[in-house]
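Feature annotation from Swiss-Prot assigns active site, for nuclease activity to TYR211; the stated evidence is sequence analysis. Marked as divalent metal cation binding site by Swiss-Prot on the basis of sequence analysis: GLU120, HIS128, HIS130. Sequence annotations record features per position, and here Swiss-Prot assigns ATP binding site to GLY398, PRO399, ALA400, SER401, THR402, GLY403, LYS404, SER405. Among the features that Swiss-Prot reports, domain 'PV NS1-Nuc' is placed at 22-262, with the record citing sequence analysis. For 365-527, the entry in Swiss-Prot reads domain 'SF3 helicase'. Among the features that Swiss-Prot reports, region 'DNA-binding' is placed at 2-275. Under the heading region 'Ori-binding', Swiss-Prot lists 192-196, citing similarity to another entry as support. For 211-215, the entry in Swiss-Prot reads motif 'RCR-3'.
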Amino acid sequence: MAAGNTYSEEVLKATNWLQDNAQKEAFSYVFKTQKVNLNGKEIAWNNYNKDTTDAEMINLQRGAETSWDQATDMEWESEIDSLTKGQVLIFDSLVKKCLFEGILQKNLSPSDCYWFIQHEHGQDTGYHCHVLLGGKGLQQAMGKWFRKQLNNLWSRWLIMQCKVPLTPVERIKLRELAEDGEWVSLLTYTHKQTKKQYTKMTHFGNMIAYYFLNKKRKTTEREHGYYLSSDSGFMTNFLKEGERHLVSHLFTEANKPETVETTVTTAQEAKRGKIQTKKEVSIKCTIRDLVNKRCTSIEDWMMTDPDSYIEMMAQTGGENLIKNTLEITTLTLARTKTAYDLILEKAKPSMLPTFNISNTRTCKIFSMHNWNYIKCCHAITCVLNRQGGKRNTILFHGPASTGKSIIAQHIANLVGNVGCYNAANVNFPFNDCTNKNLIWIEEAGNFSNQVNQFKAICSGQTIRIDQKGKGSKQIEPTPVIMTTNEDITKVRIGCEERPEHTQPIRDRMLNINLTRKLPGDFGLLEETEWPLICAWLVKKGYQATMASYMHHWGNVPDWSEKWEEPKMQTPINTPTDSQISTSVKTSPADNNYAATPIQEDLDLALALEPWSEPTTPTFTTALTQHARFSNTDTSPTWSEIETDIRACFGENCAPTTNLE
């Protein structure tokens, strides 16, 4: 450098080291803690300061303390208390311990790796530690593996350093919270097509110079900034705050690209050639706010942002302006988000560590049928994420009061941007289904002449439909959710039944046949239920893609899918988890109706039409049957009922009549 004589040797060495490592790729991890309450015991970030006798840990803490003292600017008196300083030194030793153990587990040499560590305290995040890790043999595909190993090591060392007295069960629970809550996170990005999370590699030197070295040092309890930093080359360990900023400035100047003043005018800009009016700016801001707030109807707009609604209503042609604004909003949501995305974004991360999927009402409904409720929920999320292929419709069918509508209504309310099929409008039944994230068909019946249009929409095809008083409009692939008490696979046009439509309709349906009647006090689904179910599935590796579904369950679901296979596995050695109930038994006396054969005893025709009633007469009351079967766990079969009926008309039980 030309001006090298004006800078210290440490500054020049650090700058040259960053230049040499500017384009090297590295993983970006964040180590953190969360405030936990276990049986009334508060555990905060500064409670992991238990004294240690480990010689290696003590040496690491001494080295960190030396770096802290050397990097302190003596012109400014630090107000950081000794307890906070000691806690940061302990965390520094723990992070390095985790880092080196993770490297050795991969059979890598620490000398072949380069790393950078910086401890910080943020306004919203509190204490956290940034770690950049790269080296020979470290590839992008290994990022998630390292995150999992570092997370396990971090939780183990935190338990050992926790000064709050905990019972063995509480220690296990704290470690579960640390591992399930991902107290070590990895920088990732979402692929536009697959919607999967992939590891995001960073440029090692650029990241340090442009981001970490520009931060202010935390010197008071009220300020936010960095505490301490270190690296594999010992180049930034002892730099004071001013020297760090100088290194960042020199690095930026050395890598500044040559600028050439250019002016490019596009055809649209030349044609417009004017400044946007205040009205245009206001409309654009309103559309952006409506999209961010997920407002898709006039009522939602009135409730969430009444000021902008009144402002548009007061303008000339206000009704048309409001209508067009909402149309742009719904179009934006329909093209940029899926129904699954709109549900998942409502999940609260703070509730996920304590969430138990088996306690949700949806899974209880599936458990009544002895189904694998994880498999059912996974299949539903795939369809909502437009990953079901031709099977683009979720069909809840069965008798009344079995939970069909409460699940469908809950999902539709969470999505918000929903179109409804109107069977009463014979000519334009799908008039309300354009620019939507989900189509809801409640109590579907015979589709008659609309069956071909219905099949096209249910298979996720892009078709054009006619609208009343308008021209035709295109419907993009949109998932459909449907509830019915009838057999929609039987299509009747006039008085003629058309069996050729039965199999094509089945090929388009995710068949969920609910047959168990719910008790009267079952209640509705909680608002947070399905968002947490989706988040739980993602955390456990059940991505909302058909590739993930086939990986876990073997094949794509079809009309005769056996939801009870594979059977649910009860977790063991988990003292904090509640037992998962996979079945709900009810007796005829509980619901006050005459006992009828259970679904498993019906023949194939009744199995396909579970809402049809058997024609066999019933000769005993509910209370009598309940008393008879109180000592058994299974319901009577057809053969048992037939035996009872014959016994009632036998010689011993024949009724006597008086002819007089």
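Including glycine, each Cβ sits where the backbone N, Cα and C put it.
Feature map: annotations from Swiss-Prot on the structure.
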| residue | record | contacts (Cβ under 8 Å, 6+ apart) |
| --- | --- | --- |
| GLU120 | divalent metal cation binding site | TYR127, HIS128, CYS129, HIS130, LYS215, LYS218, HIS224, GLY225, TYR226, TYR227 |
| TYR211 | active site, for nuclease activity | none |
| ALA400 | ATP binding site | ASN485 |
| SER401 | ATP binding site | LYS517, LEU518 |
| THR402 | ATP binding site | ILE365, LEU514, THR515, ARG516, LYS517, LEU518 |
| GLY403 | ATP binding site | ARG361, ILE365, PHE396, LEU514, LEU518, PHE522 |
| LYS404 | ATP binding site | PHE396, HIS397, GLY398, THR483, THR484, LEU514 |
| SER405 | ATP binding site | PHE396, GLU442, THR483 |
Hey, for the ATP site built from GLY398, PRO399, ALA400, SER401, THR402, GLY403, LYS404, SER405, who else sits with CB inside 8 A of the CB center?
PHE396, THR483, ASN485, LEU514, LYS517, LEU518
For the recorded divalent metal cation site formed by GLU120, HIS128, HIS130, which further same-chain residues have Cβ atoms within 8 Å of the site's Cβ center?
VAL30, PHE31, LYS32, GLN118, HIS119, HIS121, GLY122, THR125, TYR127, CYS129, TYR226
I'd like to know the mean pLDDT over the domain 'SF3 helicase' (365-527).
88
Intrachain neighbours beyond the region 'Ori-binding' (192-196), with Cβ under 8 angstroms and 6 or more residues off its ends:
385, 543-545
Going by a 10 angstroms cut-off between Cβ atoms, which of the binding-site residues HIS128, HIS130 has the sparsest surroundings?
HIS128
Counting other Cβ atoms within 10 Å, pick out the least crowded of the binding-site residues GLY398, PRO399.
PRO399
Collapsed DSSP category at GLY398 (ATP binding site):
coil
DSSP helix/strand/coil residue counts for the motif 'RCR-3' (211-215):
2 helix, 0 strand, 3 coil
What are the DSSP helix, strand and coil residue counts for the region 'Ori-binding' (192-196)?
0 helix, 0 strand, 5 coil
Assigned element (helix, strand, coil) containing SER405 (ATP binding site), judged by DSSP:
helix
